[in-house]
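Undergrad: Positions annotated as divalent metal cation binding site by TrEMBL: B:44, B:123, B:127.
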């Protein structure tokens with residue numbers, strides 16, 4: 001699991017670098033498909049990941065507002081902060097809890113920890129795939145999605 | 001690992017169902033970003049997965065040609081055939097081999113089995129994310145990418 005989180009975070013950070021090529025208007029422009037703009041997509045990935053991890057931990061959901069993180073710089077700071085917390089959590093023995101059922105306030109179903117972790121990972125990769133299309137539409141080279149040949153931190 | 005493969009295959013099969021709404025011309029039309037057309041994207045996912053799995057197994061690469069599988073029906077048959085083979089392979093004890101280095105003819109680098117398995121999984125999810133954008137551009141609802149709340153086979 002950890003390898004996928006590291007991969008996702010590295011790809012995400014490379015997309016933050018990629019964002020520097022675009023104006024804030026382009027980053028905030030609503031686009032077809034996906035969840036909205038490029039920057040909102042990154043916000044959504046970060047928000048969903050953190051919310052589920054807190055859910056697994058039995059912690060109260062913290063509502064973050066996009067309006068407070070609507071620049072790449074602010075959003076990267078949020079991403080780094082959450083990554084630090086999640087890294088600590090991922091160091092715990094997940095095998096012990098992976099079959100435990102989790103209830104969260106935003107979903108009426110309960111899910112096991114293992115499925116939630118899989119979900120978080122797939123969720124980010126899926127949305128990053130969407131960014132790659134928008135990137136080509138904007139005539140910019142997208143960040144590589146390759147997992148092999150990528151030096152993970 | 002198996003859970004991600006099952007998830008990917010189920011999502012893939014749902015995209016094959018989704019394809020029925022489109023004409024073959026739309027499915028074969030070259031699109032911006034990604035690897036080409038919708039159908040070629042599905043072919044590419046299938047081809048890449050199978051090639052890497054055969055690479056891990058130390059088997060010779062089998063070259064498949066898109067021209068031989070350029071309808072959803074033909075491609076689904078190929079996908080099913082490969083899935084059966086890969087399922088058998090995934091039943092073996094992967095923990096025993098996961099640190100083994102693998103060399104393949106299409107890449108000058110060697111990679112460990114564990115990284116290749118991660119790569120195959122992320123590769124499919126990424127390209128499926130691309131399909132979801134094209135789907136919205138065509139004004140069709142994309143297949144859900146949720147891993148939770150999805151009844152895996």
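The backbone N, Cα and C atoms fix where each Cβ goes, and this holds for glycine too.
Keep in mind that this is a model prediction, so the values were computed, not measured.
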Undergrad: Note the Cβ centroid of B:44, B:123, B:127, the recorded divalent metal cation site, then list each other residue of that chain whose Cβ lies within 8 Å of it, in sequence.
TA: B:35, B:41, B:45, B:48, B:124, B:126
Undergrad: List every residue in the same chain as residue B:127 (divalent metal cation binding site), at least 6 positions away in sequence, whose Cβ is under 8 Å from its Cβ.
TA: B:34, B:35, B:41, B:44, B:45
Undergrad: Inside 10 Å of the Cβ of residue B:123 (divalent metal cation binding site), count up the other Cβ atoms and send me the figure.
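TA: For residue B:123 (divalent metal cation binding site), the count of other Cβ atoms within 10 Å is 22.
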Undergrad: Using a 10 Å cut-off, grab the number of neighbouring Cβ atoms around the Cβ of residue B:44 (divalent metal cation binding site), all chains included.
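TA: I count 18 other Cβ atoms within 10 Å of it.
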